[in-house]
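**Q** According to Swiss-Prot, the feature 5-phospho-alpha-D-ribose 1-diphosphate binding site maps to R43, G44, D102, D103, L104, V105, D106, T107, G108, A109, T110, an assignment based on sequence analysis. According to Swiss-Prot, the feature Mg(2+) binding site maps to D103, an assignment based on sequence analysis. Swiss-Prot lists D106, T107, G108, A109, T110, W148, I149 with the feature GMP binding site. Residues or ranges marked as guanine binding site in Swiss-Prot: D106, I149. Annotation source Swiss-Prot lists xanthine binding site at D106, I149, citing sequence analysis.
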Amino acid sequence: MTANTTPGKAFPVSWDQFHRDCRALTWRLNETGPFHAVVAITRGGLVPAAIVARELGVRVIDTVCIVSYDHNQKSELKVLKDISDATAKLGGGTGKGLLIVDDLVDTGATARVVRAMIPDAHFAAVYAKPLGKPLVDTFITEVSQDTWIYFPWDLDLAFAPPLRDGAA
């Protein structure tokens, strides 16, 4: 989505809802583990990774930083920070026993880059869109490809107009 375009559908997520969705993700992941470490895809994966790591009792948390957006404009993927060697070793170099966490898998471009780094890791996202869904192992909510998710850290308190024109 660019600054000059609007999403097909808006999906605002409150802090309470996001926390509930992260805990629901953890319930599903609890049956899959145990995990040696959590790898958050920054920045969106930081908050869900913290919640998931707490609930699963995982103490080792690492990050991989991949930039795919410049403000609201999609850009070429760029790895700013790789997974640490110590974390990669925990996964035997292939990611086995590692849990990758992100807020959203959209087109799957970021997921493909991380999968190439640690192919045997378990990939979890709170939300998934159809193009990215095949790349995640566990997710909670699927939204349509034309939906723009407004995460709580991107929102401020403001007037919300009615969905239907003239309904106010």
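Placed from the backbone N, Cα and C atoms, the Cβ positions cover glycine too.
Walk me through the surroundings of each of these features.
**A** Cβ neighbour count for L104 (5-phospho-alpha-D-ribose 1-diphosphate binding site) (all protein chains, 10 Å cutoff from its Cβ): 21.
Neighbour count (other Cβ atoms within 10 Å of the Cβ, all protein chains): 24 for D103 (Mg(2+) binding site). Secondary structure at D103 (Mg(2+) binding site), as computed by DSSP, is strand.
Here the Cβ of A109 (GMP binding site) has 16 other Cβ atoms within 10 Å, regardless of which shown protein chain they belong to.
There are 24 other CB atoms within 10 A of the CB of D106 (5-phospho-alpha-D-ribose 1-diphosphate binding site), with all protein chains counted.
The Cβ of I149 (GMP binding site) lies under 8 Å from the Cβ of F11, V13, D103, L104, Y127, V143, each on the same chain and at least six residues away in sequence. For the recorded site, I149 (GMP binding site), the DSSP three-state label reads strand.
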**Q** Just going by other Cβ atoms within 10 Å, which of the binding-site residues T107, T110 has the emptiest spot?
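**A** Taking T107, T110 as the binding-site residues, the minimal 10 Å Cβ count falls on T107.
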**Q** Can you tell me whether DSSP puts R43 (5-phospho-alpha-D-ribose 1-diphosphate binding site) in helix, strand or coil?
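**A** DSSP assigns R43 (5-phospho-alpha-D-ribose 1-diphosphate binding site) to coil.
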**Q** Give me the largest Cα to Cα distance among D106, T107, G108, A109, T110, W148, I149, the residues the record lists as binding GMP, in Å as a whole number.
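**A** Value for the max Cα separation, rounded to a whole number: 17 Å.
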